[in-house]
Structures are given as C-alpha cells and as structure tokens.
C-alpha cells in the first residue's frame, strides 16, 4: 500500500498519537483515559505510520519486537502486583506514595503502563503480519 | 525468610543463566554448582533446629479469601528431601557443566535445571496443598522440557510428551483430591491437616481423597501401570536421568504419600492400594529390567523397583517401616545418582552404553570402576555399605509386620534382581575381557568424577557409622509415622532372620547375574510384553485421541468464518431469547424524555446500518460498520460514559485501519458470492438476533437500576485507590486480577495469531521474524 497522503499524515500522526496516548495514560486515574485506551491510541498511530511504509519500518519505529513489548507489559503488571506481596498484603494490592502536593504515586501506575504496553505490543504484533514486506 | 529465599532463588536466578552462560562467559559454567551448594548450606543450618523438634514455618498471604497460603515448613521429612535435592543437585550441576560442555544449548539446560530444582524445593517445603500442587506441576513441566532437550529426536519428543501427560494427568487427580481433602479438613495447610490426624480418615470423603491422591502420586512415582514413562525418559541427557528420574522428582509421589501417611495410614483402602501398587511395581520392574541392554534403562527399571519398595514400606503397619523407608530413601538417592553418573561417564567416554558391548573398562578407567564398585556394593546391599543397613531394616519391617509370605517373597526376588543389576552395571561393565568400544575410554575430568566419588564414599561412610544419619532418619520417620519412632541405626544386628534373608537374596542375585544373558534372551523373545504393555496402550490412546480430534474438527470446523458467526449468533440468540421469554423478563420501559436532541444519534446509527446492508463489497462495508461504531461511541459519550466512548473510538479507529490493511492483502472476493438462499438465511439470523438483543436491552432499561456496586466504587475509589476515574480504578486496582488475566490473553492471542500468520505470508529468507529484534 503506497499512498502519499497516508505517508505524509503518518509522519505527523505518530508523534502526536504517542504524546496523546501518554497523556491519556497519565491522566487515566482521575480523568477519562488509562492504559488500555492509551495503548490503543499508540497502536493506531504506529499502524497508520506503518501502513504505507511496511513491516520493517514498523519494527524499526517500535525499536523492540512487538512480542517483547507485550511481554514487558505483562512483566510490569506482574511486578506491580508483586509489590503487594512484599508488603505482606495480597497479590495486586497497590502501594502508594502520597506527596505533599496531593499527588498520589502508586504501583497502580506501573500496572497501567503494563496494560498500555501489552495492548500496544499485541495490536502491533498482529498488524505487522498484514504489512508489506519492504516498501521503505 | 530463609525458606522463601531457598525456594525462590532458583526461579529468580535460573532464567538469567541463559544470558550469563553464553559464549564469552562459557568458562563460568562449573560455578553454577554454587547455587545448589549454597542452598544446601542454608538448609543444613536448619538441621539442629529441626532435630531439636522445631518446625521453622513461613507463611505469606496468597489467596486469603479462599484460604490459600504460600506456606513453607521444614520438618524431618521435608528437610531430608530438600537436603537430598540440593546435595545431589550440587554434584549434578557440576557434572552437567562438563558432560554438556560441547552442547550449544547448555545455558538453556541449566536454566531449566534450576527451575526444576526450585519447583522441587517448593513442592517438598510447601505447607499448603495448593502451593504444593503448583510446585508439583512445575516439576512436571520442567521435566517435560528436560526430557525433550533434544527436540529434533522423535523419541525424545514422544518421551517428553508421555512423561508430561501421565504426570500432569496424575496432577489433575491430585488437584481434585487436594480440594476434597481441603474442604473436609476445613484448611489447606498441611500441618493443620496433620494435627487433625486419623480423625480425617473417618470422614466420609476419605475414600475419594485416598483414591485421587494415590493416583496422582502413583503417576509421579511411576507405579504400575503408570510406570512406562520413566524408562522412556532415559532419552534425556544423563544428568537429567540422575537428578530427576532417579533421585528426586520420581520420589515426589512417595513423598506426598509419606506426608499424608499419618492421616490415612490406618485406612483399609490406603493400605490395600499401596500394597498392591508397591508389590506389582516391584515385580514388574524386576522382570522388565532383565529385558534391557541399555545401561540407563536397566538402571531405570531398578528405580521402578525401588519406588515400588518405598510405596510398599509406607503401607506396612509396623513403626519400623517408616524408619526403613526414610533410610532407603537416602540410600537409593546416593547410589542411584552415583550409578547414573557412572553410566553417563561410560557413555561419554566409551561412546556406548550397551551392556552387550561393554567389558573390562577398569583397565582404561580405574577411578570410575572403583566408584561404580562402591555404589554397586551399596545397591546390592552388602556390608559395610549403607545399602546393607537399609535392606536389613526393610526385611525387619517385613518380618515384624508379618502380614503374609507374598510380600516377603516378592521383596527377596526384587532385591535379588537389584543385586544382579548392580553386578551388570559394575562387574560386567568394568571387569572381564576388555571389549572394543567406539571411543577409547579414559577417566573423565574432575568435574565429572567428583560427585560420584563423594556420593559413593558417603554410602560407605554412612554404612560404617550409620549413626551419622540417625537423627535425620528418625526425624523423617517421625513425620512419616506421625509419632516418634526412635531407632538407632546399626550395621551389625547379630545373627538374625534378616541376615538369613540377606544371604538368600545375595545367592539369588548371583544366580540371576550368572544367567543374565539367558534370561535376557528368553524375555526378549516375548514381544507380547511390548505389544500389550502400558507403553503400547499409551500409543493406542494417543492415536484414538487424534482420530477423535480429526473427526470432531471435520464436523465442527467448516472453515467458513460466515458459518462460525452464524452458528454463534443462532446459539446465543436462541439461548437468550428463550430464557427471556420463558422467565417472563420481557418488559417495556417508560420512555419519558427519550425524545430529545439525542434521538438524532439513533438516526445516524440507522443510516450507518442501512449503508452497511447496501455495501456492494468489503471497502464500503468496513467504513459503514465503522460509522455505526462511532455512532455508538457518541451515545456512550452523551450518556455519561466518556471512558467507554474513548475506548470505543480507539477500537473503531484501530479496527478500521487493521481491517483495511487485511482486505488489502487477503484474496477476498470483491463481490458477494452468496446464493439468494444463503442471503435469506443470513438475513433471518441477523434480524432474529437483532430482535432478541433489542428485547433484552428494553427489558434491562425497564428494570430498576441497582446502585449498590456504583455506590461502593464511588465511596471507596478516592480514599482506597487514590483515583477519581472509577472505570480506570476498577481496571487497575479493584479488579486488577481480571485485567492481568485479560492482558495475558491479549498477549497470548497476539502470539498465537502471529504464529499462524507467519506461516501464511510468503517471506524472503533474509527478513527477521517478529520474535527477534532487527540488530
């Protein structure tokens, strides 16, 4: 698939989609958003970018193989859940650090990053097989 | 903390070994033996406490709502097993570092071996039935990967699969048994079950628990007729045979039976099952070992005999039986691991392990011969080796129990065969005329002989001074019997009936050894044993399963996506529609305020649906379906579910892009190829399903909204989870386990799809698959 409009649009859409996805991920705990939507938006950005460019371009843009991205996501989610065990609480009991400014940082964010990566990795792994081999 | 560290350090370190032992750091491999050695030291530090009557226990919350705890506990029996695992493990690791030195996959081998060791330690230290079960299954999985270490070899693949299916099948039975036992006892904690003791054996569930647990344990410990996998597992590299399939994993079933022996020991079903299985296994193993010529398979069948002996000892009513069992457990682990390593050395150095082609090796490898002789004498049960101590104890337990003459006779026959096997493995292989072998053998490097030497010397030392192990044996026997059973182990008991039986055994063994070749020919000439044995039955079963799968696939899987969707919709529609109608759930909601500006959205949805129906081919169809999806997202957005709307928008966007990419690649027909009849059927299914869905939604709207869950989440979200977005808080916190499951499914589905799709696309050889990063 080689379309000029898609090629040019993809170049601008990818960074914007990534920024937006991170914004969604970050605000997710208090405002609409979250790791799942964030991962989907990022995956959409990568897909649009890669459609006219081919599989090699997708893998290059991702830096890591999609399966590794998904695996890292699973591992992060597991580790975030494991911190509960260290605190003598059941698995997946999130731990929190509350700052003065009212900002609450917790392992829930790590878990959500895990969800984000798992979704991103799964979708891109799937998509990568429908892309042209070499169109660079 | 110590027990937890001991259990999990192998899991934590194991996977890194793949990286750590790679090419530039290959010379570090022998140092891996430090892992089991350190664990052994840690366990040894607990010996005084355990012998002093303490039971170090560590418990971590796991699934408190189900009463499942990650609990670890050390008593005499688990300490004995754990010391055997790590002690023999140290030598095996060292041995394998040399044995597989030239194998390209050696780092992966050590990763698997470490994971196995961790699973084994977890299984014997577990003080919770569910924890035990998880580690139990992990040992089966690790064994599968280790037996299948040479996946290019069909025999290796078959043996790995057979071992896995039999032991994991037994594991399923054990799971059922554990759940029944847990609910009868009101706890999954093993120590609490043991304090309830024989009272549980009077519970109505007892026969079920006994049958289910025994089946699981028999499968794991290769009792007849589930023994076939063990000799077949000998295709694994020798360190695996020495470690998993003789000294540790196969003892796990015996361990579990011993664990529960204080509870069910007096139950008639327990005794009869164990006696029957034990005797049958001893007899079968003894006879079948005579048919083998492969050193490792001969030894494997003698392991089967030993496992039968251990199971039989558990069922003997005399208190001495527990002591005999604990002693024999140590003895067998010492000499069998040693002899397997010797067999591996012979195979490695001489290039064959066929007994008919070996002889006189002592001249070429004197050290190995000496070690083999020491271990062989212990196996044959000759004084002053610890094997003699154990055999005397076994005979004494038999005579004291005095149930009938049959067990004693079978025990003598089995031990006679053990003597003959010891003779074949040592005398026949290392003495007599030197026979030519594919390679010129010589003694192996130190890493390979160190373990066997120390194990053989330990067998001699414990024989001369059996008191050294006395404390540990008594502590273990106490755990097996359920009460203190102090016995002082001694080499010499005087002129006792047991000594007479020992002499009889030796004479019988010598006779079998003399006639080994003749017996072998006679037994080998009975192909019926191969044709009708359990091994053949396994093949029949597997072929039957495949035929069933083929038939079922042909019936259900037509290969047409349209049919699958049609069938799914018909089933769901009928099930839901019938339920709704039969239960009288159909209702009509009040539509107050329904006619507002929002009513424009359904109009948009209808428009999109009409466009979808009119679409001449896939392209406009996908766009129209996307339009319907976006319209639905708008409905969510306007009705106070922005998160749902967001997700729906993203899903639609990704779906359209992906679908367009697929349509671009796949050979879809550009026009609708259905016949008018098919179109009518499809229309009917679609309309019917739509009607049912509409009915359900209207009825849902008509029933009053249950606020309880929403109220809870609204109240708990900020104080407990520090987040105001309920949806996301539910996803990452309140129901995080569901999410973890979902993303696991997602990732696995993507992997599976990738595996399928990778096969469908034509690919130039140069491109890299998705699993490997472009470097």
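Note that Cβ sites are derived from N, Cα and C of the backbone, with glycine treated the same way.
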Range among B:200-219, B:220-239 that TrEMBL annotates as transmembrane segment: B:200-219
Recorded stretch that, among B:270-291, B:322-346, B:644-663, has the most CB pairs under 8 Å to the transmembrane segment (B:298-316): B:270-291
Dominant neighbour of the domain 'MrpA C-terminal/MbhE' (B:679-766) in B:62-110, B:126-409, B:603-667, by Cβ pairs under 8 Å: B:603-667
Overall pLDDT of the domain 'MrpA C-terminal/MbhD' (B:603-667), taken as the mean: 85
Highest-contact recorded stretch vs the transmembrane segment (B:322-346), from B:270-291, B:446-469, B:489-513, CB pairs under 8 Å: B:446-469
Same-chain residues near the transmembrane segment (B:446-469), Cβ under 8 Å, at least 6 residues beyond its ends: 30, 88, 90-92, 94-95, 97-99, 327, 330-331, 334-335, 337-338, 341-342, 344-345, 348, 367-368, 371, 374-375, 378, 383-389, 488-491
Chain residues in Cβ proximity to the transmembrane segment (B:71-97) (below 8 Å; excluding those fewer than six residues from its ends, i.e. six or more beyond): 3-4, 6-7, 29-30, 32-33, 35-37, 39-40, 43-44, 46-47, 50-51, 55-60, 106, 109-110, 113, 117, 120-122, 124-128, 131, 189-191, 237, 239, 242-243, 247-248, 251, 255, 258-259, 326, 329-330, 333, 337, 341, 344, 447-448, 450-452, 454-455, 472-480
Cβ contacts under 8 Å made by the transmembrane segment (B:644-663) with residues that lie 6+ beyond its boundaries: 618-619, 622-623, 626, 629-630, 632-634, 636-637, 727
